[in-house]
Amino acid sequence: RECQSQSHRYKGACVHDTNCASVCQTEGFSGGKCVGFRGRCFCTKHC
């Protein structure tokens, strides 16, 4: 199962999944992706 949590460090609108994933990795997650109309960065990890 994969868990999601909104990034605390990502600033601004999320446009590129790779940028989001890089920030998420610094937060201890395995990756991340942009979600929603406003472009929020959500981090993902196996749980």
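Glycine is treated like the rest: Cβ placed from N, Cα and C.
Taking all protein chains in view, 8 other C-beta atoms sit within 10 angstroms of the C-beta of Cys47 (disulfide bond). Annotation source Swiss-Prot lists disulfide bond at Cys3-Cys47 (among others), citing similarity to another entry.
Taken residue by residue with DSSP, Cys14 (disulfide bond) is part of neither helix nor strand, so it is coil. Around Cys14 (disulfide bond), the same-chain residues six or more apart in sequence whose CB sits under 8 Å from its CB are Cys20, Cys34, Val35, Gly39, Arg40, Cys41, listed in sequence order. The disulfide bond annotation in Swiss-Prot covers Cys14-Cys34 (among others), and the record cites similarity to another entry as its basis.
Summarising the annotation, Swiss-Prot assigns disulfide bond to Cys20-Cys41 (among others) and lists similarity to another entry as the type of evidence. According to its DSSP assignment, Cys41 (disulfide bond) is in a strand. Taking the Cβ of Cys41 (disulfide bond) as centre and 10 Å as the limit, one finds 25 other Cβ atoms among all the protein chains shown.
The local packing around Cys24 (disulfide bond), expressed as other Cβ atoms within 10 Å of its Cβ over all shown chains, amounts to 25. Marked as disulfide bond by Swiss-Prot on the basis of similarity to another entry: Cys24-Cys43 (among others).
For the recorded site, Cys24 (disulfide bond), the DSSP three-state label reads helix.
On a Cα basis, Cys3 (disulfide bond) lies 8 Å away from Cys43 (disulfide bond). Within the same chain, the residues at least 6 positions away from Cys3 (disulfide bond) whose Cβ sits under 8 Å from its Cβ are Thr44, Lys45, His46, Cys47, listed in sequence order.
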